[in-house]
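J.: In case it's useful when we look at the structure, here is the feature table from TrEMBL:
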type: BINDING; residues: B:Met45; note: substrate binding site
type: BINDING; residues: B:Arg120, B:Thr166; note: ATP binding site
Amino acid sequence: MTSLPLSDALSAVQRTTPLVHCITNFVAMNSTANCLLAVGASPAMLHSIEEVAEFTRLAGALSINIGTPSPHWAEGMQLAARTANESNTPWVLDPVAVGATYYRQTLSQTLLAFKPSVIRGNTSEIMTLSGLTHAGRGVDATASTDEAREAAINLAMQQGCVVAMTGVQDFITDGTQHWRLSGGHALMPRVTTLGCALSATVAAFVAASPEAPLNATLAALTSFAIAGSRAGQQAAGPGSFQVALLDALYQLTPTDVRQFTGLEEG
Amino acid sequence: MTSLPLSDALSAVQRTTPLVHCITNFVAMNSTANCLLAVGASPAMLHSIEEVAEFTRLAGALSINIGTPSPHWAEGMQLAARTANESNTPWVLDPVAVGATYYRQTLSQTLLAFKPSVIRGNTSEIMTLSGLTHAGRGVDATASTDEAREAAINLAMQQGCVVAMTGVQDFITDGTQHWRLSGGHALMPRVTTLGCALSATVAAFVAASPEAPLNATLAALTSFAIAGSRAGQQAAGPGSFQVALLDALYQLTPTDVRQFTGLEEG
Amino acid sequence: MTSLPLSDALSAVQRTTPLVHCITNFVAMNSTANCLLAVGASPAMLHSIEEVAEFTRLAGALSINIGTPSPHWAEGMQLAARTANESNTPWVLDPVAVGATYYRQTLSQTLLAFKPSVIRGNTSEIMTLSGLTHAGRGVDATASTDEAREAAINLAMQQGCVVAMTGVQDFITDGTQHWRLSGGHALMPRVTTLGCALSATVAAFVAASPEAPLNATLAALTSFAIAGSRAGQQAAGPGSFQVALLDALYQLTPTDVRQFTGLEEG
């Protein structure tokens, strides 16, 4: 069992309005800020080396998403991650499409050196990252669930962090404890950047409960799973889904989290 | 009393479709453009020194928001503000989080030199800006309403511009006339970049009524207050609020503005 | 008559989930990705010279929109367009506001050298582009429908591509065959970046049916016209219109496309 009740992790976000410093991609900027505000956190998007170090020190957590990288942004990401590492600010890495280009792989590797608290990605991204840190392992597009699970555990152990691998079923591990999470809705992949927004939401939860990153991560994923499931009941398509998701995140209560049955150990 | 009726200021926007050149942050890009279109203006977002000077001269007004600054963008902002100043194009400054980093303070100070027509910010931002221009005054997080009010008046007098300080209650001044505005809805701070969109909307109103920047500003804030209040009556959360706000801005009539009772002198 | 039925072009998108590499403006990022997902395609936004060449080769089509240009982005656009041209990847050019600044005209001219498969723009943009490639023709703000039509045909013949000129009535030509398309809704111009999203949607359709770029373009425009018309029946303003449009794109079937009556040859 977990030490911090997941419902308390949501309460902590709603009570403390944690400031989350986001360096994210251009597509996800607005939806990420709105998800953070809906769940009760305070988002701040800024990326330039002229100011990131000063700001990361003020924030409760940092969230880095490499979705639309370029050299100036990569420098900002690295400086922010370094600052977070030095100031013990928890931070989350979202390695969007890391397998797609060499540039993303190099950038991700430099960021991993600053020890993220949590890595949130899909199966392919987690396997690529795991392969970057474990010589001799490549990405297999036809990877079985067992291989993906093993990659996530290896990455968590190697990095000493929480890994949240999301998909139809999510797998969350800190290398020692492992969890599977079911929920959400089939429309979620038809709305852009929900995964990006989820990563920033994980950062908000870790900011509010920095002593328990695994349970904070589980609580953030649980919140999205409940809100996604409710939004799906009302939605006629991805447009109305996105609207309903923000409303559902806003309406979410600790009791909702306590009653969630989609989480299983193992 | 004001010389230009506020309802006429809205009519002028709806009748003339003013072109508003926006240099804004990445989070606010889309919502700002949509608010401007809903209220009847024509938005154009462009920022690069390769073209801003040419474009600012075509526009009815310029709106600069420093939310996600970097050197290339800061250069574009400065060139656009300089061009607006030289060509008597009205322009609005939104000094997002100016108190958060040294970089934003320096950038804001260089922009103030080009004499904005209107500054729109929250209490903390207006007090920081006022402190930058009045030696010996710092920002006091526990500032009383009276101190904030005094800062806004000082900034307006120093800059020779309109200052719109928005929050639960708004305070608007040109240094001589002062107004308080109540309205809107508690959900507004739970939707990202509504303040940024409001600043650009002020620019649209000033573009349509450049001879009366104070009343144009009051009309823009009144429009948002009415639309926000109506959106709040229909919304189940921040997702549906954002949708309803755009609809309400689109449906707004001069009669609605004439019947608004939330504005008081003093 | 067309060789590829337009309903088959929609089926091909829904069946193959084409990967569309988008280099677009900051305002359009999110709405473009959501339109592509709604219609059944897979969007990827990335722009930096460090990775575009590698990625364009993976994509089914490339979509370039010059809405918020700057030097680093212009380099990325040029490298991506060159790569598309070399690797026979179809690509779509959206020359946003090309007439507004000298910078956009120069950039557009360099991009035209890499032979877009489709150009999608409004009347003014198409006439400007046509003027750039036909010495002695300028833009006439009071251009008649006939002049605009002639400019589109000239541009299509000169470039050897499809030209889709959209407005209250759309005109589509490959220089030989010409089509007029009516549909959509009066609220469409009140929602930002729908034209940008349409250009990327054209890219998705061409990716799925690369052998028939004219009919793929017609099918994409037909899809938007049907979805826009349906969204307009439910919307109270531009906020609810945008939501309903995404739902309608998602719900669209090949039968809907087959029953569309708004397309006429000539």
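Just so it is clear, glycine is given a Cβ too, placed from its N, Cα and C backbone atoms.
Can you walk me through where each of these features ends up in the structure?
T.: In the three-state DSSP scheme, B:Met45 (substrate binding site) falls into the strand class.
Sequence-distant contacts of B:Thr166 (ATP binding site), defined by Cβ-Cβ distance under 8 angstroms and a gap of at least six in the same chain, are B:Arg120, B:Gly121, B:Asn122, B:Gly195, B:Leu198, B:Leu221. The DSSP secondary structure for B:Thr166 (ATP binding site) is strand.
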J.: Restricting to the same chain and to sequence separations of six or more, state which residues have a Cβ under 8 Å from that of B:Met45 (substrate binding site).
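T.: Within the chain, B:Met45 (substrate binding site) has Cβ neighbours under 8 Å at B:Cys22, B:Ile23, B:Thr24, B:Met29, B:Thr32, B:Ala33.
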J.: Should B:Arg120 (ATP binding site) be counted as helix, strand, or coil on the basis of DSSP?
T.: strand
J.: Could you check the binding-site residues B:Met45, B:Arg120, B:Thr166 and tell me which sit with their Cβ under 8 Å of a chain C Cβ?
T.: B:Met45
J.: Taking the Cβ of B:Arg120 (ATP binding site) as the centre, count every other Cβ atom within 10 Å, in any protein chain shown.
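T.: The Cβ of B:Arg120 (ATP binding site) has 31 Cβ neighbours within 10 Å.
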